[in-house]
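S.K.: What Swiss-Prot lists as motif 'Bipartite nuclear localization signal' is 3-20, 200-247, and the listing cites sequence analysis. Sequence annotations record features per position, and here Swiss-Prot assigns motif 'Nuclear localization signal' to 40-54. The motif 'Nuclear export signal' annotation in Swiss-Prot covers 101-122. Among the features that Swiss-Prot reports, zinc finger is placed at 68-85, with the record citing sequence analysis.
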């Protein structure tokens, strides 16, 4: 049986180009959509672990950040905060110099990740009012810390003093960088009330902090890259409370 000529197949309007669909490899199908510098490593980064090849399951990225040395150290900040409409700031890179598992050995260390755990809640007098209150959280890197941490209104520019529209001021964008941003909402009232909201956030940030020669864990002893957590609620007259446990996981630098 003779085959059809190749030119007839191409010129026929009803003919379609048959392709072999391969759903196993996102790297081969990445050529269909033009992307910027698609590497084989990046194509598998957003896949679940059971769908990755064996090579990407066994050989993972190193746990210790570049330029640092183990072991992984932990520092916790546990406090109840009164979050107001004007905002509040908390320094989460205060680490004392020492030899323990919660201390820094020298001036430099790298905060690899941060874990924010807790809840926001209202007291009994406020939760009976019909309102909705959202707490905005901003994890900010202060590249050039000096003196005391700046207030929320000094760093962020807001429209009509509304924290939900907060962006870093134009003259502050070089010194203050928002690393992560999230929010949590509580609702008060007699019906359909939600008096508390759980906060469970884990982020990899790789923030390289630098201290001066002082040993105390203070903001004023930072010289580079202090880590600040800004909080502000959207309701002007009804405050909200935040009970948080913040843990940072850091490694000492080999330059110490």
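Every residue, even glycine, has its Cβ placed from backbone N, Cα and C.
For each feature listed, report its degree of burial, its nearest neighbours and the pertinent distances within the displayed model.
M.R.: Averaged over the motif 'Nuclear localization signal' (40-54), the predicted model reaches a pLDDT of 75.
With helix defined as DSSP H, G or I and strand as E or B, the motif 'Nuclear export signal' (101-122) counts 0 helix, 15 strand, 7 coil.
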